[in-house]
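> Taken from TrEMBL, the feature transmembrane segment applies to 32-51, 58-78, 98-120, 141-162, 196-217, 238-260, 272-292. Residues annotated as domain 'G-protein coupled receptors family 1 profile' in TrEMBL: 41-289.
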Amino acid sequence: MNILTFSKDFVFLLSGFNATVNYRVTLFSLTLLSYCIILVLNGSLILTIILDKSLQEPIYICVCNLCINELYGTAGFYPKFAFDLLSDVHVISYVGCLLQSYVIYSYTMVHYLVLALMAYDRYVAICRPLKYHSVMSVRRTAVLVVLSWLVPLCFMIVALILTSTLKICGSHIEKLYCEIWAVVKLACGSTKANDVYGLFLICFYIVVNLSIPASYLQLVKSALKSRRSRRKFTQTCLPHLLCFLNVLVAGLFDVMYSRYGSASVSQSVKNFMAIQFLLIPPILNPIIYGLILTKIRSRMKSLCIITSQET
């Protein structure tokens, strides 16, 4: 079968929707509500940080990029998911499948890298406060933020190229959305190059994830030395730690399900495990940062007051 002809005509069947047939209206309503909440929460935080010059510091620039990434990742899932809930046929084209996989995977990778950058920022701020402004200058922060986007986007381009060369002999993807690993499992030829590259990506992000708790070990040691350090740790590091644990647990659920999902687990449970990292972090993260980070909370309050007075 010619790969170009296959790419144009072939479609994948998303069989995960078989468990949603009896609840499609309820799930559609909840999906629409969840997506609106994600847009409002993350959009509000982004606008607050952009419009307030006092918030244009490294930690808040990272928070802003985290929220932009939430909008980017959920845009690759929610519109298609909502449409499929009301449709009788749950299919996605070959090109659409690769595009959705690209967005969702790169979203996850960017998330971890931005969180690692935030952990490093907090390490410098608390453990090396006298050198903070020289180490975490606005210019250097901008470069690191750009790299946290470029590296995952380039990694995923390579993954897509490797996947696009495979000859696919199946059409059923047992999920609610497309992912590269599910497509690779449908290949009827050798997938050694994909497996090796996938292992490389896993190792890379294990190192990234280990750097975050390593930074926090140093932060905890420093925080125990003085009351001021403890207060600073609680105000700026606690929300970041909560977000990291939130994303880590969600990501582990998805990875474990994708590779070791048991056939004995109900499809509804599998569906929740597969989408929770696209549901829980995008809602909880802006709430955590908006409520705990004092400068953001006070600025959002003042904006709400000004808006209510004008209306």
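The backbone N, Cα and C atoms fix where each Cβ goes, and this holds for glycine too.
Just so you know, TrEMBL annotations never went through curation; they're auto-generated.
Mind running through what each feature is packed against?
Beyond its flanks by at least six residues, the transmembrane segment (98-120) meets 59, 62-63, 65-66, 69, 72-73, 75-77, 80, 92, 144-145, 147-149, 151-153, 155-157, 159-160, 163-164, 177-180, 183, 201, 205, 208-209, 211-212, 215-216, 240, 243-244, 247, 251, 277-278, 281 of its own chain at Cβ-Cβ distances under 8 Å.
Counting residues 6+ beyond its ends, the transmembrane segment (141-162) has Cβ neighbours under 8 Å at 58, 61-62, 65, 98, 101-102, 105-106, 109-110, 113-114, 116-117, 121, 180, 193-194, 197-198, 201, 204 in the same chain.
Sequence-distant contacts of the transmembrane segment (196-217) (same chain, six or more residues past either end, CB-CB distance under 8 Å): 109, 112-113, 115-116, 119-120, 122-123, 155, 158-159, 162, 181, 184, 237, 241, 244, 248.
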